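S.K.: Attaching a single structure in structure tokens format; questions to follow.
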């Protein structure tokens, strides 16, 4: 929607030279500006509708709802929220169990082979064994992504889009969660530098979207008669709960999960949803904790493992009286680490963005087998680097003496045993260990624990090489066609950076009192914050993962500094990938200068509308020839305008007073056509000249009188049998329309599919009535108009849409500032926002695409040109 959109559409057919298009046209069309290499938002993404459609079927449900029914309805919600949390925890348990099983099997076989071959000199055989395991697992993960392409990556950008109000195709299907869960366990077991925590968020969101529906497209035989929660509003709430449960299961952080959904989806938040999301997160955390503790330690009910990723307990050695977890002096170093983490994160995002664009141009257009081959190439390179670095580049370091007091808790002893058991001694004498192999030849979670809690030292050279190799390989890996998370690789990369800083401070500055584990944690937070740019939720997640509230201040300061530093150069990694997909994501708020624009500057005036009583042939024609998802319901009635106006002198005087300030569709379109003449594009200029040339002088009759009268007339039986003619004037083409409500495409298709209509010889009261359950029965996948069998319907029959339209949608005045329009649209989670003038006429409509940053920038540039 924008200036001269109808002209742009005509020009697209006549001219294929994209070089002649202006940035404004490219923004309107949703294409790519090749000079700036900028991907603009695509027009094929739908918005979710968080606003309730309060039509007659919905009111009938409300009338039949008493207090007891409302309480039962709310109780069912709580039960479903609990079930979502439990199922999300079980998905995490499934992934964790098989990742541990496959990883232990792989490392046991390869490690025993390395120990044997170190004496016989056959390390090549050990490398082949490791390659066999990794390539097989990665190949299976790639095949699962071929089955469901949306399962690739972490899924956080897609869920962020969904919570923002964008419907991403296939993102919450059952097939997606199956391919995601199975694919990520193969990716992690295959030795790729990916994590399983990010995909858990996506998996939880899919569980939240699908479980309350009690049906699945993938399993068509599983159908239950459960007509509740079939709306975008309810589904979006359950997805919020599922995403929070995924975070809680991944990190053992139920409060952090709640804040994650709040931070990413606060445009529709309320107090009741907060309680449900927190309850769901708690259910996921304790379900996973219960089963993992029982399976891993045999102590059912002890709750020792709260999440898939456990940072352990940070505690100074009792023998070192000078040791403190952190001091006020350390805050200065933490701020510097935050700056460096922001710079490193910005570099990571820049490199990954270039790689993603390269894949979009050179990998994705080719056969799908090329994507599998790319994944295998990454796996091959990663395996060789890990193996060679572990065998050749490591140093033999002295083991730190184990010191545990008798009052150590069971979890501390288990953590200490886990750390000691993951130490690798490849080619090192007794009482020493290979520091590079200890980091590379272990699961990533074990390597993080080593950097956080290992009291032995890691060589600065080893830490530098490990950081550089891990940085480059994880950057290359994120974006290939396998399910992959980014949290754990970023944490591990940052922990190596923090441990390196601690070693340098101890060695060269003489700060022996500092605790290396704290610097490793702050380094992990700095790098992760520089990459993902999350603040509130990430702070709480890290605090809950460490179980140490005293880390709250340094973590928060580090994340803030890292975000500010990174934002100076580019966006977070998830926002970058959202932009690369062309998703029309709405930011938190608009820029201040956007208030120079009004609603009339960004709306779409060229409307496709329906009448309250419309023939079937007209509805079918409209639905088959347009792609709009909502249509204004309007009336035109010019019969008794003058008679009404003659008898009311006061109204006549008021209309004369308002005449110069009331915006009409014809006047707005004429203004836009004239402003388009200043565009460099020759096609647009020619089209505008044609429109101006074909215009006739406007009639002198008072159009404002017609507008005002139309408010008091009932819905007339009008049938739009006359199609627009090219010879129509601007007033005829953009005639005044009294606005009565909005009707969705899905509602019209449902009415046609069920034969809801009446004949000319009957009254509209004889039309069959559909209940709210019948109207939403096909949600979320309504039939397509092209697939309907309409042979049994008489095209001359009439459909009364007034009982099913939304008679009171949110609307704005043409003079409303853009910031107000933006806040209303985002806060209320709208899909369509009609623009209605002072006399009840609809003059345009605003959708999500009219509020994207790129579109507003283009309209602002045109505004300056007009001035």
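Placed from the backbone N, Cα and C atoms, the Cβ positions cover glycine too.
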S.K.: Write down the single range among 238-261, 262-285, 286-309 that appears in TrEMBL as transmembrane segment.
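M.R.: Residues 238-261 are the ones TrEMBL records as transmembrane segment.
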S.K.: Of the ranges 409-435, 490-516, 517-543, 544-570, which one does TrEMBL list as transmembrane segment?
M.R.: 517-543
S.K.: Are there residues at least 6 beyond the ends of the transmembrane segment (369-393) whose Cβ is under 8 Å from a Cβ of it, and what are they?
M.R.: 114, 123, 126-127, 130-131, 134-135, 138-139, 141-143, 145-146, 190-193, 359, 363, 424, 426-427, 434, 436-437, 440-441, 462, 465-466, 469, 473, 476-477, 480-482
S.K.: Is the transmembrane segment (238-261) packed against any residues at least 6 beyond its ends, judged by a Cβ distance under 8 Å, and which are they?
M.R.: 80-81, 84-85, 88-89, 91-92, 159, 162-163, 172, 196-198, 200-209, 211-212, 229, 273-274, 276-278, 280-285, 287-289, 305-310, 487, 534, 536-538, 540-541, 543-545
S.K.: List, by number or range, the same-chain residues at least 6 past the transmembrane segment (325-349) whose CB is under 8 A from its CB atoms?
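M.R.: Same-chain contacts beyond the flanks: 314, 316, 471, 475, 494, 497-498, 501, 505, 513-515, 518-519, 522-523, 525-533, 548, 550-551, 553-554, 557-566, 568-573, 576.
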S.K.: Using DSSP, what's the helix, strand and coil tally for the domain 'CBS' (805-866)?
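M.R.: Residue counts for the domain 'CBS' (805-866) by secondary structure: 28 helix, 15 strand, 19 coil.
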